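> Relevant sequence annotations retrieved from TrEMBL are reproduced here:
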- 22-309: domain 'Sugar phosphate transporter' (DOMAIN)
- 7-28: transmembrane segment (TRANSMEM)
- 48-73: transmembrane segment (TRANSMEM)
- 85-106: transmembrane segment (TRANSMEM)
- 112-132: transmembrane segment (TRANSMEM)
- 139-156: transmembrane segment (TRANSMEM)
- 162-179: transmembrane segment (TRANSMEM)
- 200-217: transmembrane segment (TRANSMEM)
- 237-258: transmembrane segment (TRANSMEM)
- 265-286: transmembrane segment (TRANSMEM)
- 292-309: transmembrane segment (TRANSMEM)
């Protein structure tokens, strides 16, 4: 009997260690890709956000295929109809808009302010859910969105590095992220069309590359030639791009695994803490000036997000 208890204790502790390792990987890849994007687009001077996003999507296409077709991490789900393919293409277009806008905003805004705006995703999700599905939340849920938005208004007023274009693009990226989650719920709601996030990425990423290629050629002409010229002077740019692109895939992979191995509530709490940690780490690395109003605004937004998730949980 004591042997069985000891075996159960070992299994429990190894399972806990596995979860801690997963969360650490999720945090590291998320914060790592965010900081490296900021460094490349702002500090290093690699001003090509669309090409950078295309590199990310190319890596996601290749690594998704390896993970699913070769390593069998999850069973491969097939696209069953042309209608389903068009739905995934629409999602991919919104996904591209979100990621490209987010990367563009990092050229103009510090990571700390970028994260504060990103924390308002629940507000946009509630707006789009109401507009597109007429789904009403409990009145208490809507009240919790007031501090979410108020916090960003305060943070904007107190942001020493405020840039109007960067702010607009970042709000657009946040709205697109919320729109994708709502549209995904509508388009892929039937049992026959549901895809897990790994399979969805497997199909969305190549479509994203196809969409981003003409945009890159038109808006960032000769970017490959410029990158190769940069590499002749500093080979690290190639390693930065390769590592950054691989990290972008691991963000999705670890997100999928953390979702699978923890509860929805744990994920929500971890997500809020991750944003706060990204803010602290970015301020320590980039030493961007922060104001008391900016920090208070961000804290209020995160507090609002916590209240929102609690209100949603209770209304179910």
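Cβ coordinates are placed from backbone N, Cα and C, and glycine is handled just like the others.
TrEMBL: automatically predicted annotations, no manual curation.
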> Taking contact to mean three or more C-beta pairs under 8 angstroms, with sequence separation of 6 or more, is the transmembrane segment (48-73) in contact with the transmembrane segment (237-258)?
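They are in contact.
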> At a Cβ cut-off of 8 Å, and with pairs 6 or more apart in sequence only, do we get at least 3 pairs between the transmembrane segment (139-156) and the transmembrane segment (200-217), yes or no?
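These two stretches do not touch.
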> Please report, as numbers and ranges, the same-chain residues at least 6 past the borders of the transmembrane segment (200-217) whose CB is under 8 Å from any CB of it.
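Counting only partners 6 or more residues beyond its ends, the transmembrane segment (200-217) has Cβ contacts under 8 Å with 48, 50-51, 53-54, 57-58, 60-61, 64-65, 68, 76, 79, 85, 88-89, 91-93, 95-96, 100, 184, 188, 223, 252.
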> Quick one: do the transmembrane segment (265-286) and the transmembrane segment (162-179) reach 3+ CB pairs under 8 Å, ignoring pairs fewer than 6 apart in sequence?
no
> Quickly jot the same-chain residues contacting the transmembrane segment (85-106) by Cβ under 8 Å, restricted to those at least six beyond its ends, or write none.
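Beyond its ends, the transmembrane segment (85-106) has Cβ neighbours at 34, 37-38, 41-42, 49-50, 52-53, 56-57, 79, 114, 117-118, 166-167, 169-170, 172-173, 176-177, 179-180, 183-184, 187-188, 193, 195, 200, 203-205, 207-208, 211-212, 215.
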